[in-house]
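Asks: Pasting a structure below so you can have a look.
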Amino acid sequence: MDSSLAQEIAAIDGVELDSEVTFADLTTLRIGGKPRSAVRCQTTEALVSAIKLLDDASLPLLIVGGGSNLVVADGDLDVIAVIIETDDVSINLTDGLLTADAGAVWDDVVHLSVDAGLGGIECLSGIPGSAGATPVQNVGAYGTEVSDVLTRVQLLDRTTHQVSWVDASELDLSYRYSNLKFTNRAVVLAIELQLLTDGLSAPLRFGELGRRLAISEAEPHPRRPVRMVRDAVLELRRAKGMVVEHTDHDTWSAGSFFTNPIVDPALADAVFEKVGEPTMPRFPAGDGKEKLSAAWLIERAGFKKGHPGAGAKASLSTKHTLALTNRGDARASDLVALAKEIRDGVLETFGVTLVPEPVWIGISIDD
């Protein structure tokens, strides 16, 4: 941006210009080159004002929250990084409504809700990133999705630069998807969640978490105290390297890298016949489809934890095959090569195409 525009943006209360930051600093993968410039916004008003000025100048923007769902190319990038640092969270204990600014750390939001005795998002504990990203990809884990509790989102329309609250029903929310994903038409400014007020979790599914909580398959609509569920989820995620720890390279990742594939029953049957394991995970996915486990497919295609082994710059986590990790000095090209190897290996073995979950900036899995 030219100096006059930079001065105008810097004059906005709550804005700080940053000429040194890289995307390696801004993402949980710790990979990525340098933006043309970066604009840090500490208030919603500052965020709206800065984006309007930058849009009016027709500059390419990348809106960055927690950086947990980004794969960014190496080198210098012709983009302005707008970093959302708004972090207010408000809770109405009477009706269970929680409102969070887009820049609030998601796990802090979950922690606050649990401390307040509110249920509904405890299964989403430990997920990295910001609150504003959760509706964009409809974040989910252990049988819970943000769409289960999301009532509305506050959006900045990038065309009109008007701010409005939009009902969750207008977002086309589905498995790891909303109509905000892969588009620059709007920026999430805040989210509103309707939570439960009786101190218990949302109904839990039997499975890994259910076994940890001693839930029986025969127990109808099981619920547990929210803190008990949060603690169990964090234990499970830490064991898989899915809670960010700066000293643990298994957590230098974008979380679950591939979505669980939704396939026709005939393809699921073919996978079952090929592997012959009676415990193959497969679940109803609606519309006559079935959901398979991406991690299970990766392992059965011959890719073990830690693949391709010690010394690799990018590898599968040593704790969980669904996380692609930076072992310390990986470049974007290293991660792309690994992602392509995994995707192509599963396709060749099972005929199932794995779809990456992160957003790609300046690079793609086919590069």
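Each residue's number is its place along the chain shown, starting with 1.
Every residue, even glycine, has its Cβ placed from backbone N, Cα and C.
What Swiss-Prot shows for this protein is this:
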DOMAIN    31-198  domain 'FAD-binding PCMH-type'
ACT_SITE  Arg176  active site
ACT_SITE  Ser256  active site, proton donor
ACT_SITE  Glu357  active site
Asks: What is the total of other Cβ atoms whose distance to the Cβ of Glu357 (active site) is within 10 Å?
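Replies: Looking across every protein chain shown, the total is 20.
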Asks: If you draw a 10 Å sphere around the Cβ of Ser256 (active site, proton donor), how many other Cβ atoms fall inside it, taking every protein chain shown into account?
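Replies: Its Cβ has 22 other Cβ atoms within 10 Å.
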Asks: If one measures from the C-alpha of the residue listed as 'active site, proton donor' to the C-alpha of Glu357 (active site), what distance in angstrom results, rounded to a whole number?
Replies: 7
Asks: Hey, does DSSP put Arg176 (active site) in a helix, a strand, or just coil?
Replies: coil
Asks: Just jot down the residues in the same chain as Arg176 (active site), at least 6 apart in sequence, with C-beta under 8 A of its C-beta; none if empty.
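Replies: Those within reach of Arg176 (active site), by Cβ under 8 Å and sequence separation of 6 or more, are Gln137, Asn138, Val139, Gly140, Thr259, Glu357.
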